[in-house]
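Trainee: Sharing a structure below in structure tokens format, with a few things to ask.
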Amino acid sequence: MEENPLRCTICKNDFEEPILFSCQHTTCRKCSNGSPSCKTCSPGPSTSRSHTPQPDKLAAFLLDASKEEMEQCANCEQITLPMFYCETCQQSLCLACRNVTHQARMFSSHKIISSEERSKVYSSSLCKDHNEPYILYCSDVRKLVCIQCFNGRPLEERHSFISIEQGHRMCLEKIEQSAAKLRFYQSERQEELNVRQRILDEASNFDDAKTSLYQLCQQIIDTVMTTRETLAKELVKQQEQSDEQCKRQIKEIEAVMGPVRLCLFSAQILCTTASKLDVLQLCPQLQKRISVLLDKTVDKLPVSSTPDSIEVRSDLAKSLEPYLGMSAAWCPISVSREGSSSNSYKRGSGSHKALSMLSKFQTTIDLAGAFGQLFGKVEHPLRQLVVELSSISQQVLETQRDLTIRRCIIEKEDVEKLVKMCKKIEASLGMHSAALDGMQSEMQEIWQEQLDRVRRQQIIYREKVEEILNLRETARQILTAAKQMVPYVSCILNMNAMIAPKRCHPPDPAPMESICLEITGIEPNSQNRIMAIEKEEENRRLNQEAKKKEELAGQSAAMKSLKHGKTKRKEMHHRMMLNTNRERSPGGTDSALTSPCIRRLTSTALKEETASELDAEEILDEIFELSGEQYEEVVDGTLTEEDRCSSALLLSLELQNESVSPLPSLEQLLGRISLASRVTSDIGFSRGAMLQSLNDVFALQKPPTPENISVSEERNVLASAVRNAEKRKSGAGLPTTSEKEEMIENDEIIVEKETETEKKKVIRRRVKKAECEQSEEDVTTTFTFGPPPDCPFVPQEIFDKLGESDEKLGTFEAKERVLQSLKQKMNQKNGIDNDN
């Protein structure tokens, strides 16, 4: 019957001021009489220095908790199970009062728990050093701390502070783990206690062995008397030693069981009804005591001293060997039986040692006959099982190494297969063991007939039995190891199933990277590679065109959103457009120069040109000496709706007279042929023609590229210039008085424009709606123009130099020489104007 752990082992009463000794025994303070040693472990006086016993706070807490009485209901003052406790009201309630008093909505926020869940705080809830309530728990020192303790700790040590709730959960987990270990320790010690108790109960076997010994010794009185006395003394001595050892170990185990029960009871109370603060304060002490108890060990079981007739006969055979000639090799081996069969697999197989003493010839004779036939039924399958077991053992060992050392991923099916094979071998070994047991009856008859061979056959038989036991134990261990690997393998496979998609499948490459990989994977001269490169270039070109279209659309939208300012209109009678779309005839004549002074009808909604551009064009017009008197040929200009609405208004011209003067050829411009010999009356009057000629010269000097290709855009023509030209045409070229006044106004506007060019501003004018509507109605307009103007002045020095030099004229030199001629002409013109 188990004792109450809250009772003293000396006075057999409940603890009063319990104290704890270093051996983990707890007694009353008055029972110890101030002795530093425990009377339970050592009843006599102890000469060794022991630690001073300390008050047992854990036992005191259990005593206080065990004496706690259930509180009455605060409303009806009765105890009716089940009982509840309202933490908000701090009152106990029965079931009826709870339903009556806490059903209103105002009590819905009250926290009501059962009385079993309520934990009363028996220890202090305030800090001993600062008298402040506990707010945190330190996991390093395993103590509760207040706000002052927290502020007093340095910053690098504050990482160990956790909340009381987290500390409570952590301590409960540790207590559960320690209690589980302690329960296992208790079960082992209880089993050892029962084994030793059974050994004491088998004392009657010694008397039977003594009687059989006397009967055997009577057969050989003279020789065996000495052996008898010796064996009897040894038996008595073994019995005394066994009894003494068992009694001593029983006392040790019983002494350990008391603290074990106390610690288990403490763990149960702390995990169920103890408050959080009590658990946090008492958990370190309980952990320490449990660790001390787990470190205690008990001596091994004594060797069984139960006499065996076979052992006695072997000793007698040794003593009678000089007389009877019996060798000890004919006697069976002595099997020492231990209390625990767990070490049986550790004993080495003695069959090889025993067989080494026998010759091959004797072994062949012993295995012949009926015994050999019976034994062959087990021997051959057993050898096969040994090979299979060795293979499976090696596989399990390699699997365990892959799992623990090599960190490999093992399939669950492989482990299950190993488990099945181990179970199969274990079943086969069990069947062979049963077959061996069944052979014993048949072998007894053979042993009776052949006494000399029985000894050797018994040796072989017993060794095989031991070998089977060893193999079965090994198979059990392998099976246990294989079963232990199953959850780990399942866990690893589950984790691998989650990680494998991310680890095995690389991310998709970018579109350009995939295209490049596809292109590089194709052979250099293959048609697929060429098509892929062309496709990529086409896509890139389309993307660039789309970007340009978007930019142009944005610019046009921004231009449309701008408001047009009101500016003065400038009318110039000599404002003309030069068509640079040249078509050279075989004789070198540019048909586009037949009517270079085409008047353009500009819409009132078009943007005005800057003053600087207008001035530059006026100077060029004066240099080329354009006059309306020389216009003889008539050119019809048709203005289309599309051209009229564009920013650079173009005219489709229909020439009535195709006879034109030839332009100077490229050889003349380069100086190879005298330019003066080929000068016609209509060369040089077109600015576009001159620029086109220069472009031809430059193109000959260097290959055409997008950078050196020049594009000349046509200028917008003022509407006033067009109207003046129409009036001059209708009035036979003579300006009227109103036209003269309008020309004077235009000159004034030009002067104003010149002053505005200094500010670099673009002047816009507001367009009237009526003018726009009127201009839109006139879709096409036909104009007639005069003959082209005379050839501009070109200094003779340029042609002389060109004719003298045999070198080719470079691009830069050609530009410089033409510009010098233009500057010389401008200076001469300015000098003539100043003289006038």
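Glycine too: its Cβ is placed from the backbone N, Cα and C atoms.
The structure displayed is predicted, hence computed values, not measured ones.
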Trainee: Of the residue ranges 540-571, 764-795, which one carries the region 'Disordered' annotation in Swiss-Prot?
Mentor: 540-571
Trainee: Tell me which range among 68-115, 260-307, 452-499 Swiss-Prot lists as zinc finger.
Mentor: 68-115
Trainee: According to Swiss-Prot, which stretch among 8-42, 183-217, 218-252 corresponds to the feature zinc finger?
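Mentor: It is 8-42 that Swiss-Prot annotates as zinc finger.
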Trainee: For the binding-site residues listed here (CYS73, CYS76, CYS97), which one has the lowest count of neighbouring CB atoms within 10 Å of its own CB?
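Mentor: With the binding-site residues CYS73, CYS76, CYS97, fewest surrounding Cβ atoms within 10 Å: CYS76.
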Trainee: Kindly assign CYS97 (Zn(2+) binding site) to one of the three DSSP-derived states: helix, strand or coil.
Mentor: helix
Trainee: Tally the residues of the zinc finger (8-42) by DSSP class, grouping H, G and I as helix, E and B as strand, and everything else as coil.
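Mentor: Per DSSP, the residues of the zinc finger (8-42) fall into 4 helix, 7 strand, 24 coil.
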Trainee: Write out the long-range same-chain contacts of HIS102 (Zn(2+) binding site), meaning residues 6 or more apart in sequence whose Cβ is under 8 Å from its Cβ.
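Mentor: Correct list: CYS86, LEU93, HIS110, ILE112.
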